[in-house]
Amino acid sequence: MAQTLLSVLLALASALCIAIGNVMRQRAAATTSLSASLRDGTWWAGALAGAGGYVLQAAALGVGSLLLVQPLLVLSLMFALPLSARLSGRAVRPSDWAWAATLTVAVALLVVVGDPKPGAERAETWHWVVVAAIGVPALVLCLLGARRGSAARRALLFGLAGGALFGVGAVLTKSVVHLLARGPISLLTSLEVYVLIAVFAAAVGIQQLAFRTGELQASLPATTVSEPAVAALLGFVVLGEYLDVGRGVGLLLIGALVATAVSVVALARGAAEHESGAAVRAVPSGVR
């Protein structure tokens, strides 16, 4: 019970840091070019907050399951609402508050009623072979499909691919945290560490491709939904985690899962619309 509470607190702290980091980086990027934002202290402060969020996520995964931690991380969208509104001097829309309340209740149901149970700390090698056999072709199809079509379609596919890789990265992070407890030799001689670095590098690169399409309303919801979905699915299939519920409660949790996905999409689209609007307002009139 104490470990579960610690994992929840660490995950919530991670979600808050992620929210602060995203808001600060988005604010810096909306008012300057990419090269200028890299020289902006606000952008780097946001990057530092995001890095702190990842460290807290890793700590949460060290004592809790993916099925417990990942749903809590989507609350970063809720935390970002008042932060973004305050920095931009605008009021939060009532509809956004309603979606935030829906998200909070749905996540609480998944965590409290679902009662996630931990599985293995690391996946077997053959598990990753199966995941790669299914995931790599799916990733390639997404990237090939994103080479043509409308900007919204490309953003959606890039967002799905990037979010899925971040989800895989969460599972690998849990394994790496477990290896860290064994000492630096076990960590540095493990293949998972280097796969994690490669997966995160690919995820960040694909995420930037999604941003370059200019269709955040399509890419941000796709990334925000696919990351926890893939992480939770792999936690269940690869690590053997599960929700300790009966059939009747299972129907309630399915409803909570749907409500979580819908509210995440609504909040992400709202955040993307505001960010796009801020970027347009930041462009000098003579450049438009």
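All positions are counted from 1 along the displayed chain.
Using N, Cα and C of the backbone, Cβ positions are placed for all residues, glycine too.
Automatic prediction, not curation, is the source of TrEMBL annotations.
Database features (TrEMBL):
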- 59-85: transmembrane segment (TRANSMEM)
- 97-114: transmembrane segment (TRANSMEM)
- 126-144: transmembrane segment (TRANSMEM)
- 156-181: transmembrane segment (TRANSMEM)
- 193-211: transmembrane segment (TRANSMEM)
- 223-243: transmembrane segment (TRANSMEM)
- 249-268: transmembrane segment (TRANSMEM)
For this session: Go through the chain and flag residues at least 6 beyond the ends of the transmembrane segment (126-144) whose CB is under 8 A from any CB in it; none is fine as an answer.
Result: 157-158, 160-161, 164-165, 168, 206, 234, 237-238
Problem set entry | Touch test for the transmembrane segment (97-114) and the transmembrane segment (156-181), at least 3 Cβ pairs under 8 Å | no
Exercise. In the same chain, which residue numbers or ranges, 6 or more beyond the ends of the transmembrane segment (249-268), come under 8 angstroms Cβ to Cβ?
Worked result: 71, 74, 77-78, 81, 95-96, 99-100, 102-103, 105-107, 109-110, 113-114, 220-221, 224-225, 229, 243
Problem set entry | Contact set, same chain, for the transmembrane segment (156-181): CB under 8 Å, 6 or more residues outside the stretch | 57-59, 61-62, 66, 69-70, 121-123, 131, 135, 138-139, 142-143, 145-146, 187, 190, 192-193, 195-196, 199-200, 202-204, 206-207, 209-210, 213, 215, 218-235, 238-239
